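Heads up: the structure comes next, in structure tokens.
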Amino acid sequence: MVKGEKRSEMMLNLFGDNSEEEEIESEHECNRRQPNYASDEAEGGVEPEGEGEAEVEVHGEAEAESDGEQGDVELDPGESEGEREQSSQEADPQEESEARDSDSDNKEEEHGGRVAKKRRQEVVESGSERSGEKHYESEDEEVDQTRSPRSPSEEKEEVQVAQSDVNIRNVFGSSDDEDAEEYVRNDVEQDEHRSPIEDEEGSEKDLRPDDMVLDDIIPEEDPQYESEAEHVEARYRERPVGPPLEVEVPFRPPPGDPVKMNMIKVSNIMGIDPKPFDAKTFVEEDTFMTDEPGAKNRIRLDNNIVRHRFVKSRDGKTYSESNARFVRWSDGSLQLLIGNEVLNITEQDAKEDQNHLFIKHEKGILQSQGRILKKMRFTPSSLTSNSHRLLTAIVESRQKKAFKVKNCVTDIDPEREKEKREKAESQNLKASTKLSQAREKIKRKYPLPVERRQLSTGYLEDALDEDDEDYRSNRGYEEDLEAEAQRERRILNAKKSHKGIPGRSSMTSARPSRRQMEYSESEREESEYETEEEEEEKSPARGRGKDSEDEYEEDAEEDEEERGKSNRYSDEDEEEEEVAGGRAEKDHRGSGRKRKGIESDEEESPPRKAPTHRRKAVIDDSDED
């Protein structure tokens with residue numbers, strides 16, 4: 001206490017104005033940071049000349065006392081710098097209170113204070129020249145010794161920083177002393193740029209160190225290379241602290257053990273109904289598959305849809321009941337039974353997919369139910385199952401053939417081929433028309449005789465008409481046939497009796513040759529217009545015609561011979577019979593031609609001559625036939 005009173009008296013004598021108190025505080029801080037300077041001043045320093053010697057000596061004693069106090073503080077070499085600063089800060093508030101009480105006395109000693117101020121500046125300069133062994137680590141430390149005056153609140157902050165430095169030292173050990181010193185210096189620099197309002201806010205923030213981030217407390221290693229923007233960002237970042245949020249979320253327990261949860265993909269062979277089953281409102285679902293032509297194929301999915309319903313037990317508890325269940329067999333295989341349908345299950349590992357199950361609540365809140373680690377795949381159990389038949393129906397509907405336009409490339413021009421075919425058809429048509437015209441022309445020129453007529457509708461109709469004739473006509477025809485047969489027999493008998501006559505035989509042989517030549521020429525003309533079939537049909541008929549003509553000629557010759565040998569009366573009778581037979585045949589032929597509407601050439605034949613020319617008349621008839 002004695003030392004404190006002496007010190008206060010000396011300060012009152014030395015400092016008269018309040019403005020000089022700030023200089024005293026800065027000087028004390030310099031003395032605390034540089035104790036060597038104070039020891040040099042205690043030894044005597046430089047003695048001034050002229051007036052003011054007593055005042056200078058008093059100042060030297062005061063400095064000696066302050067040095068003595070500092071020497072007491074420095075007796076413990078193991079004490080840290082933070083503790084020394086703390087002790088010096090505790091003495092400063094007492095000095096400030098005593099200085100404020102003696103404001104009235106300070107006015108009288110203004111002149112002495114000014115002289116002491118000049119002396120102190122000289123002492124500081126001399127001390128800095130003598131301290132050649134100590135060097136500053138950075139320019140920031142030199143600036144700290146000559147910083148501007150500070151308010152009491154700033155000094156309190158320094159005390160708090162020193163305390164936090166001690167706490168950090170106790171936590172991290174003595175090896176972090178350098179980092180702590182840098183932290184104190186950076187804190188002082190930041191405080192210089194802050195306003196009093198920011199200082200008050202900073203004091204309130206210092207009371208809650210738990211809200212600060214550890215990365216912001218520890219400064220960077222090289223603060224001298226920091227820019228202004230980085231220096232501003234180095235301020236303390238606070239965690240956002242506000243009123244607690246109150247959200248009401250219904251708690252839903254997870255559906256099961258996460259190890260047993262699996263993810264499945266619903267395919268076309270099975271389905272899941274998310275709505276609970278109700279027999280009153282249940283409606284069967286029908287699925288329609290549309291193929292390419294647009295037809296709809298109805299496919300029912302009633303037997304392989306998983307459904308559930310809520311049932312109450314006897315205790316009154318509600319639980320869910322499903323129509324599906326899993327079955328694991330002794331061999332390790334797993335199957336799903338949906339009613340009467342059986343599906344095989346294959347399991348796959350899905351750890352790499354990172355699948356999680358969440359329940360979505362209101363206001364964007366998700367409740368996790370667990371992680372899904374496996375996948376399941378369903379396949380039909382057999383070829384006779386309903387699911388397999390469903391799959392086959394879908395495949396057939398998709399692969400059904402549709403009518404499409406097919407493109408093909410050919411080397412042949414279809415237009416030219418069509419023209420060639422049309423031309424060939426037209427040529428065939430022309431040839432057929434020409435052939436039909438030629439046949440009609442031949443038929444008109446050479447009509448067929450009655451004997452040569454073939455079976456046809458007209459011929460058969462004529463035969464029916466002949467059946468309708470009366471019995472007399474048939475009887476006359478039979479009589480004519482009998483007469484002709486008798487005539488042939490007589491002719492044969494006559495030939496046998498007259499074989500020995502040579503002249504007659506030569507004449508008869510010459511005449512048929514002439515007739516054959518005539519018929520050959522006519523046949524040549526007919527061959528040019530008739531087909532082979534007509535030639536085949538006509539050739540035997542001509543042969544028969546020739547035979548008949550030869551017979552008529554022979555008959556005529558034989559008749560002449562017989563007339564020469566027999567009586568004229570008998571000959572005339574025979575000739576009359578022959579003429580009557582020929583007339584009957586001609587009448588019969590004419591009647592047949594009239595029924596068919598064919599004009600005969602015999603009607604236009606010239607009139608008959610006298611009986612002396614009977615042979616010639618017979619020959620003319622054969623030629624006409």
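If you go along the chain as it appears here, the first residue is 1 and each next one adds 1.
Glycine is no exception: its Cβ is also placed from the backbone N, Cα and C atoms.
Positions annotated as compositional bias 'Basic and acidic residues' by Swiss-Prot: 97-113 (among others).
Taken from Swiss-Prot, the feature compositional bias 'Basic and acidic residues' applies to 121-137 (among others).
The annotation compositional bias 'Basic and acidic residues' is assigned in Swiss-Prot to 182-197 (among others).
The phosphoserine annotation in Swiss-Prot covers Ser203 (among others) and is backed by a large-scale study or a structure entry.
Nonlocal intrachain contacts for the compositional bias 'Basic and acidic residues' (415-425), taken as residues 6+ away from its ends with a CB within less than 8 angstroms of a stretch CB, are lacking entirely. The annotation compositional bias 'Basic and acidic residues' is assigned in Swiss-Prot to 415-425 (among others).
Annotation source Swiss-Prot lists compositional bias 'Polar residues' at 426-436. DSSP places the residues of the compositional bias 'Polar residues' (426-436) in helix, strand and coil in these numbers: 11 helix, 0 strand, 0 coil.
Here Swiss-Prot flags 471-491 (among others) as compositional bias 'Basic and acidic residues'.
Annotation comment: Swiss-Prot describes 492-501 as compositional bias 'Basic residues'.
Summarising the annotation, Swiss-Prot assigns compositional bias 'Basic and acidic residues' to 538-547 (among others).
Marked as phosphoserine by Swiss-Prot: Ser548 (among others).
Here Swiss-Prot flags Ser570 (among others) as phosphoserine, drawing on a large-scale study or a structure entry.
What Swiss-Prot lists as phosphoserine is Ser600 (among others), and the listing cites a large-scale study or a structure entry.
Annotation comment: Swiss-Prot describes Ser605 (among others) as phosphoserine.
What Swiss-Prot records for Ser622 (among others) is phosphoserine.
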> Taking DSSP states H, G and I as helix and E and B as strand, how many residues of the compositional bias 'Basic and acidic residues' (415-425) are helix, strand and coil?
Replying inline: 11 helix, 0 strand, 0 coil
